[in-house]
Structure formats: structure tokens, C-alpha cells
Amino acid sequence: MTVKLDFEECLKDSPRFRASIELVEAEVSELETRLEKLLKLGTGLLESGRHYLAASRAFVVGICDLARLGPPEPMMAECLEKFTVSLNHKLDSHAELLDATQHTLQQQIQTLVKEGLRGFREARRDFWRGAESLEAALTHNAEVPRRRAQEAEEAGAALRTARAGYRGRALDYALQINVIEDKRKFDIMEFVLRLVEAQATHFQQGHEELSRLSQYRKELGAQLHQLVLNSAREKRDMEQRHVLLKQKELGGEEPEPSLREGPGGLVMEGHLFKRASNAFKTWSRRWFTIQSNQLVYQKKYKDPVTVVVDDLRLCTVKLCPDSERRFCFEVVSTSKSCLLQADSERLLQLWVSAVQSSIASAFSQARLDDSPRGPGQGSGHLAIGSAATLGSGGMARGREPGGVGHVVAQVQSVDGNAQCCDCREPAPEWASINLGVTLCIQCSGIHRSLGVHFSKVRSLTLDSWEPELVKLMCELGNVIINQIYEARVEAMAVKKPGPSCSRQEKEAWIHAKYVEKKFLTKLPEIRGRRGGRGRPRGQPPVPPKPSIRPRPGSLRSKPEPPSEDLGSLHPGALLFRASGHPPSLPTMADALAHGADVNWVNGGQDNATPLIQATAANSLLACEFLLQNGANVNQADSAGRGPLHHATILGHTGLACLFLKRGADLGARDSEGRDPLTIAMETANADIVTLLRLAKMREAEAAQGQAGDETYLDIFRDFSLMASDDPEKLSRRSHDLHTL
């Protein structure tokens, strides 16, 4: 043990000893101050550590709560469970570290302050008392006169006693100083050692805890990397869809209701206004859904659904042109009826078509469930003749020659129409009326999901078919359309799906064929095409269109302009040229497939449109084809004359009837201020005058809320049949009436 104070110097009580005493006392006083400060800091550290520990445990609980949010995700649940257990173990180790730190502070530092320094203070007090007593004895002994022997002897005895007491206390003080000096070194170093060992134990336990998760962390990192890549792809797709939807929204397009095929059949959902059945007849907006062969609605998601039609097979749907509100249709069941209102004409047609398709799907499913049937049970088609009829003025199936079977047989008799256009399943009973192809029920559902701007789906057995539409289907067909939309399939070595392929494969094929148009024959650059005749000088001839073998006597057998001349035309100009006399439906379909605007305006011919061009050619089928593909029945030329004006001027009664059925504006006036009725009266065309006056009467009755009678429908139906089946007779009739 190193001796800081020399005992010999202590006995001598030399100035060196006194100086050493003062120095040691100053050091011990500073030590006491610093130890007390360390204790205070340690107490603050422990308090902060416990706050940190409590906050950390609350933080871990918050992480655990994330696993209970939303639907269970196994990967996230496993990750959070493993990491929260590990974090809790680390926090337990941290609590042990705090306890060890507190114990070390109490055992080493606090003991040193309370016990070691207390003995030092007592020894110091005794030392200085002894020093004062010795000083007083020395002074008294020195002051005793020589003549006072007795007093001198007493003073000497007191001095000896004081010196002995001082020396004993001085030796005790010196010993206490030396002991406290050494104890200070040992206790402080032991305190630091224990503190570091507690820290080492804490971090060692944390390292071991995290090491157990090392492999899992690596695997999770790889999985997260893949998830990030997938998320980036999804984000890119969402951004692209966001841009498309934003452009669509800025373009003023209406949102379409959701239509898809679900496990319980066709599913369509969207908002409709519903008229209450109470005395006030109030209208309320509700969320309607067609699913599981039922029509239901609800106000809020958590509200129970209200069933409007329990079984779609026992109901019919019809338009309500006589209603005070626009865009109304009625669903009529055996026990009640429900008047509904869409937001626009297009949404109205979508909803009506969806209800009809759902009715068809319900009957098809019932027929599959009940098959095979006996000969006496019937086919099951005629039983639903009135259930799916659209009360819009079209021909009902019961009035068609031959009924349902006649339409199916007539359409399927066209070359290639006996099997589905997209998957080749035999006996298709659905059709896309704007494309002119037949489809199986599964492909028809996929076509319906594309939207009516790509494909308008109708049932061959369940929907009403106007005679001109049946004839249009027979003029086009699967072979012609596939020669257009599948022109490069063999060159691209693409495999066409078969009847046994999955829905996903068929859906991918149909999307690539009609939406992406991957298999079309590529046209020259737009820069190289023109709207006039011929082609630019120096440009090589365009390869001819796919060879199409038409039937003799049909529109497909009419001569077409040379392919070299057509190939140099803009798709819109090509559509315009093909719509003229003589019209060519295959070329028109080809132009539309290549992006032709169905309302393309020919500035060189008085801003005429393809529909006006087809009207001039008196082609009922070309006009029907253009209208089915979105042609505007009211778009006028530079003289302010629309298709109805031109049909009236030219005396084409069948076309006038067609345009009136498609909503042509009766009050539209040309640049000379004449409406179609004025023109018809000037040309003395009795048939067209009759049609126009009937249409005006129908409008007036609808404006007054009157239901009207069936005469209007019967007359229009007769003219439609005559225009489709015997157009020459209709032309002769118009000529005879004109000459009377």
C-alpha cells in the first residue's frame, strides 16, 4: 500500500506534515464533491433509462398492433412476431443493465461516500481538536513563571497528556487518510469494471439475440427486394391507369358501371335513381348490383341489401320513353315493377343490356342444369320470349319469321359462324353486333367486359333482332373479321386459344386481338397516307388487304377500288371511300379496325361523313354498320344537312326509318332553314312524311306524359321489314306515291 503521509513526520508535527494534511483535506473534499455529483448523474441516468425502457416497450406494443390492422398477411405477421419477440428480449436485457448499474452505484460509490468519508471526517475532527489542545497546553506551559514550581509541574503534566493525545489522534488521522486514499482507487476502479461488465453482458445478449435472426433477416431482405420491385411495377401500372383515367375524366367521359363475370353469374354494379312506390313517388340514389340471378340495391356498404328481383328469369326489362324523367327503364316481375333512372343514355343502354344478359345467363345456366331434355320438353328458348324483350321499338322475336330458331340458323349459316370467332367453340349463341361475329357465352362475357366502345354483345336466342341487324350479321361473319383482326397470326406464330383453354388465356387473346390490335396488318406511316386519290410520288405500293371470298350477290361481292389506291388513304378517308357507292363492308370493317374515326369529315366533299356517304349510296347495311360502331346520326355537312335530311331528299324511306329509330333530330334545320318534314313535303314523299309525322306525334305524346299506342311501333316495324327484305318494293312504292 502506498503511504501518502509519513508517520514519523506525523510524530514530529512538522510544517511538511501540516502542509500534507491541508493538501489531502482539499483532495478529499474535491473527491466528495465529485462522488456526490456522480451519484446525482447516475440517478438521472437510471431514471432516464427507465423512461426509455417504458417508451420502448410501448413502441414494441405499437408495432404488434400493426399486425392486427386489416386482413391477415402471413408474411407481415411472421415478421412482426419474430422482431417484436427479439426486441422484447433486448429490452429485458436493458432492464437488467439498469438494475446492475444501480446496484454498482449503491455498492461502490454510495458506500464510499457514506462510510469511507464519514470515518475520514470524524478522524479529522478529532485531529484538529487534539491539535488545538496541544497548542493550548504548549502555550500555557511556556507562560508559567519560574518561581511557580507547582504550577510548572502541573503545566508540564498537562502538556505531556495533550502531546500524547495529539500524537495518537495524528497517527489515527494519518492512517485514515492513507486508507481512504487507497480505498478511493480500488472502489472507483471496481465500480467502472462492474459497469463495463454489465454493459458487455447487455450487448453480448443483444448480439446473440440478433444472431439467431441472421438467416431470417437475409431471407426477409431478399423477399422485400422482390416486393419492392413488384410494387414499383404496380406503381407504374397505377400511374399509367391514373393518367388514362384522368384524361378520360378531363375528356368528359362518363364513368362506366362495373361489369364482369363472377362465380354466381354476371355481375354489374353502379348507381341508379330509384322511384319509391309510396304516394310521394320520391327518387333516391342507390347502389344497384346484378349478381347471383338477382337485382339488389343498398345505400351504404354495411347496410343489408334489398332484393328488387329475386329471380331474373321471372322478370322483363323495358325502356320508359314516356316517363317524365330521362334515361328511365323499368324492371317488371310477376309481383311488382321498379322504375329506375340512369345518368345518361349510354349508361341506360348498358344497364338494360346487362339485365338482359343476366336473364340470358340465368336461363342458359338453368338449361345446362336441366340437360339433357327429352324431345317433348322443348328447347327452352321460346319460354323466355317475352322476358328479355327490350321495349324500345325493335322487333320482338315472336313476330320474326321463323322465331328464334330462324335468327340462329340464319346467322350461324354464314361461313365460319358455326363456331366461336375467338375460341372456335361450336354452336355459339351470342354475337358482337358492331363487329359482326358470333361468340360463345364465355367469350361474350369477356367481350362485354371490354366495354361497348369495343364490342356490343347480344344474344342470338334471347334478345330482339331487327331485320337489318340480322342481315348485317350475315354480310360480315367470323371469316371476314378474322381475316382483318388475325391477319398476322400465322406470321407471328401466335397460338389461338381453343374451346378447352382457360378464361385467362381467352381473355388475354381477346384483349390482344381487339384492344391492342396486335395481329392487324400494319399500314404505312400516316405521313405517307393522304385523304385524296392516288399515293405520294415515289412511295412503293402498299401490300393488298387479306383476300376475302365474298358470297355472290352480297355487299362483299361488290368491286372495290384497287388495293394500291386504298392503301394510300388515311383510315378515315378509307372508311369514307368504302361507305360510298358501292359500299364495301369488309373494307369499312378494316378501316375501323385500323383506327378510322367513324365520324370522319371529308372537307373536300362539303364536310360529308361516312354515314352521309352511305346514305347517298342508299345502303341500309352500311348505315346500320356505321351506327352500330358509334356514328353520329345527327352530324351535319357544311349545308347543315344530316343523314335524315339526305335520306329525305333522296327518297330513301328505309334509311329515314332507320335514322328515326336511332334518335335522329326531327327539328334539325339546314342552312336554308328546312327541316326533314319540310323537305319530305316539298318532294311529296308520302311514306317519309308519314314516318316523320308519326315520330313528331310520338315526341309530343311523350312530352305530355302519354303512353301512346302500338300503331307507331307497328308502322315502323313494317317499314323496317320492307327496307330489309324487299328494298326494291319500297323504292317502287315511294316512286308510285310520288307520281300520284
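Cβ coordinates come from backbone N, Cα and C, glycine included.
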Of Ser554, Ser563, which does Swiss-Prot mark as phosphoserine? Ser554
From Tyr485, Tyr514, the one Swiss-Prot labels 3'-nitrotyrosine: Tyr485
Across the repeat 'ANK 1' (606-635), DSSP labelling yields 16 helix, 1 strand, 13 coil
For the region 'Prevents interaction with ITGB1 when S-554 is not phosphorylated' (525-566), what's the model's average pLDDT? 42
